[in-house]
């Protein structure tokens, strides 16, 4: 009798979870649908037709105008900033994680705790100090002004994730490498780092998405069009006197497209990476 009740309750919970997931998926899809469909509309359709109404006809002129316009300079700035920042994040976080997970020193837990606590600091609290520092070092209004903050704010979560991965790697593999004559550096690059690939992929996807969509630091630390990143490109196409909503939505759709494609083709690696870091051996 208890088994039947338990099985019935389990089915109800499973149905409820599926329903909530479908509801969440639909709610998440609505903004994307609005952005994509509005990009195919004429300006008058936005005000005369319903908000979520399908366009009278698919009008590609907005997307063509954006692609022929100045969006490419914003795009390449985003690629450069994201790529350089990502390389630094992976390099610094992998070294730090190896130290925290493998080397026992006096203040190991203290320093790791400070890194964890730093994840709770709102990034916008540091906006004014970072702005003043970029002015002082002559980095203001350059794409390099964004690299420092992007690396700094993605390092704590990256170190946290990667440390958990490296702690799960059996120490016997490291000991075997040392017996074969590998030093700490060679063991790190030949044994630890390859086995941490799922973690590296996870932090790469997470950091790339975060940096690609970042807005407030790009707005404050850059001024000229030549140095601004993709999230700010919407201003280029908003219109002189009135907001050209279809054009703006076209920009937003094209700006989001690269990260959507990255997630579609790497979601399995991201999920496996997260699960691998959560499962204890």
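Backbone N, Cα and C atoms are what each Cβ position is placed from, and that goes for glycine too.
Curation plays no part in TrEMBL annotations; they are all automatic predictions.
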Look up transmembrane segment in TrEMBL and report which of 47-70, 143-166 it refers to.
143-166
Segment assigned the feature transmembrane segment in TrEMBL (from 110-131, 220-241):
110-131
Report, as numbers and ranges, every residue of the chain located at least six residues beyond the transmembrane segment (12-34) whose Cβ falls under 8 Å of a Cβ in that stretch; write 'none' if there are none.
51-52, 249, 256
